[in-house]
Amino acid sequence: MDNIAGTKSGLTWAVHLSVAFLVILWLFPTVGLFVSSFRTADQIATSGWWKSMFPAEQNLVIRAAAPDTQVQQGDLYVIEGDLFEGRSAGTVSVWGISSRAIADYKAGDTAELNKGGTITVNPDGTYRMENTEEFTGSRGQRVFITATTPPEFTTANYESMLLDPRNSEGMTKAFFSTLTVTIPSTVIPIVIAAFAAYALAWMEFPGRALLIAAVVGLLVVPLQLALIPLLKFHNVIGIGKGYVGVWLAHTGFGLPLAIYLLRNYMVGLPRDIIENAKVDGATDFQIFVKIILPLSFPALASFAIFQFLWTWNDLLVAMVFLVDSTGETTVMTKQIVELLGTRGGNWEILATAAFISMAVPIAVFFAMQRYLVRGLLAGSVK
Amino acid sequence: MHPALQGLVTIIIGVGGCVGYFVLSNYLLDRFLLPARAFSAEQTAARRKLGTIFLFAIPSVLIAIGFLMTDALFSVQGFLWLVLAGALILGLWRLNDFVFGSGATTAGRNISRANMIRPWLFLLPAMVALGLYLTYPVFETFRLSFTQRIPGGYEFVGVDNYTQMMSEPKFWEAMRNNMLWLFVVPAMSTAMGLIVAQLTDRISWGNIAKMLIFMPMAISFVGASVIWKLMYDARPAEQDQIGVLNAIWVSFGGEPQQWLTLPIWNSFFLMVVLIWIQTGFAMVILSAALRGIPEETVEAAIVDGAGPFTIFFKIKVPQIMPTIVVVWTTITLTVLKVFDIVFAMTNGQWGTQVLANYMYDKLFRANDWGVGSAAAMVIMLLVTPILVMNVRNARREMK
């Protein structure tokens, strides 16, 4: 079989390369947003995020210190300082003192000022202004520099979106709102579905096959159909728009998949265990609680992850059943959509908001991936 | 009360209520209604009498609540409540007979009767939730699609909503786009998923590669919309482009484009987002299917001199065809319901409308529940073939 191994190795490089290419292609968009969320608004607006990894050449306009800081050294009036003061250090390549000639001088050169005197700008950004007469005016001399600055990242975006209580666009409230929606919406359907799945898997009663078929059918009913009738229903029974409504809605919409997944899993459990327990006098309720539930943990975990991701990421159900005009209960997805409308160009805000909402699902994804894959394999209707 | 605290309380009440229901109802059944022991004829008669009292107590409470809530004795609601209560009494009467019987009863009879009731105790909450939250809305939406809202109620308007919808160019735009989505997204996702699954099958770091390609599954449609909007961002020609697509386009000498406003093309740019998300799903399922192919078939093909491409297309793909169909239909369902991406990225402007967003527009922006329901019924109609197919397959599998 040597020739077969030979054929394979001929292709191996191509395979490795194309997989690497695909992975990079798939990661590229997410990485872009992630990197952007650590850059300042200026940086995002002036250069592509992929350039942020490398030292960037920037044109800056900086004012030298104001004349009132001048000191007298012998005959000369001198102003000294650092152009990079208050910002990250860089290297000056060329500079100028007029907006029409921003690259007239090299670093280290000395230029004549219009109002008399000279200025010298060094590569490290320090400068020295000298004049035989006193510098006048209230504002400092403008200096146009072309500087190479090293890559620079900041967590300021996250601080303002998460920790600043005055920021009305902050995500903290929406984060807790989402959490409040998600947890009951994940736990309640599991409890209800587990009992129903056990009945459908291991109990004999007329109409069982019909019920299973109904569950499979309901699996694909678009929840769009449920919006208006349920909104009307919630208004009639008096819960209106609010957390209770959204919990109930998510429970209802999540149940078919929950029952389907759990039933398929429970049917596969060994019959012997259950029959032995029955012979020993256990009731169905005891069998369910003491044997079936612990054994079904993988399926329960699979569904829990699905439902968690789905409720956390959901926009439509929250908009219809939860978010009212006061905006007190807005969830993160809704808030991001609003920011997209009002702050369409402010990528530092959008990127940060999006990443705050994506952090938890991505963490859950990497931590519980095994169960997610298992659930997918069991859940796709065969 | 802080929402988080309120959430915690609700979890406890909700979950506690669910668990409490199951424990209590089973306890009631095993201890009082049908304990596993024999009863003499006199005992049975006494138990039956007690049951009858409860039997009439429950419906009367319900009737009272019903009338208090509708506050009109002879309204339609009042009548419906009466019918409901009547049916309940009849049902409970039969149940009373079934549980207590007449004359002496044996332990065996009680146990078998309890086991006939128990499945329904287990199923009741699920059936109520499914009935109320998924089954009833289908019929109610169907009914609403033939009505229009008038002050204080609804009036029947026949198929007016449907004719009005058909006359709107936006609806046909949504239909055309949805068909385009239905054709492109499942095909591309499945194809990409199959390619990735095959390529990563035999390489050492395949699992890591798969995990990274699978990751967009965890990202919300809204988050994905933000991610891709940055990719498609456009700046005026004299500035540096910060969107990757425009940066590449400009470096090849093009003018910067507002990609999401270019008719026809913009729909494809939206589809890319969904393909990006769904490929991971297709890959996971198809990868498992590829692993399940018997080695002998592949080995036999190699011995017969088949090349890698022949093996893939002639041996592997035909064997996993059923799985490909499953993946395809599952993604089709997702596509039919696609809403968030369009809503967040273009909101249906510049010719990118799709059905789900059109429906949302009608329901909550135009406040036209009739046409909105009609649009929802169109989505339901498109889903129905898949529904029928799935139910058929499930029934065949159970036999």
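Cβ from N, Cα, C; glycine included.
What TrEMBL says about a protein is an automatic prediction, not a curated fact.
Features as listed in TrEMBL:
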| type | residues | note |
| --- | --- | --- |
| DOMAIN | A:175-368 | domain 'ABC transmembrane type-1' |
| TRANSMEM | A:13-35 | transmembrane segment |
| TRANSMEM | A:175-203 | transmembrane segment |
| TRANSMEM | A:209-231 | transmembrane segment |
| TRANSMEM | A:243-262 | transmembrane segment |
| TRANSMEM | A:287-309 | transmembrane segment |
| TRANSMEM | A:349-368 | transmembrane segment |
Task: Folded-back contacts onto the transmembrane segment (A:175-203), same chain, C-beta under 8 angstroms, at least six residues removed - done: 162, 211-212, 215, 243, 246-247, 250-251, 254-255, 258-259, 261-263, 265-267, 274, 284, 288, 292-293, 296, 300, 303-304, 307-308, 311-312, 318, 322, 329-333, 356-357
Task: Cβ contacts under 8 Å made by the transmembrane segment (A:209-231) with residues that lie 6+ beyond its boundaries - done: 200, 245, 249, 252-253, 256-257, 259-260, 263, 316-317, 320-321, 381
Task: Close approaches to the transmembrane segment (A:243-262) from elsewhere in its chain (Cβ under 8 angstroms; 6 or more beyond its ends) - done: 180-181, 184-185, 188-190, 192-194, 196-198, 200, 215-216, 218-219, 221, 223, 226, 230, 234, 296, 299-300, 302-303, 306-307, 310-311, 314, 317-318, 320-322, 329, 375, 378-379, 381
Task: Cβ-Cβ under 8 Å with the transmembrane segment (A:13-35): same-chain residues at least 6 beyond its ends - done: 49-50, 52-53, 351, 354-355
Task: For the transmembrane segment (A:287-309), sequence-distant contacts whose Cβ falls under 8 Å of one of its Cβ atoms, 6 or more beyond its ends - done: 182, 185-186, 189-190, 193-195, 198, 202, 250, 254, 257-258, 261-262, 264-266, 269, 273-274, 277-278, 361, 364-365, 368, 371-372, 374-375, 378-379
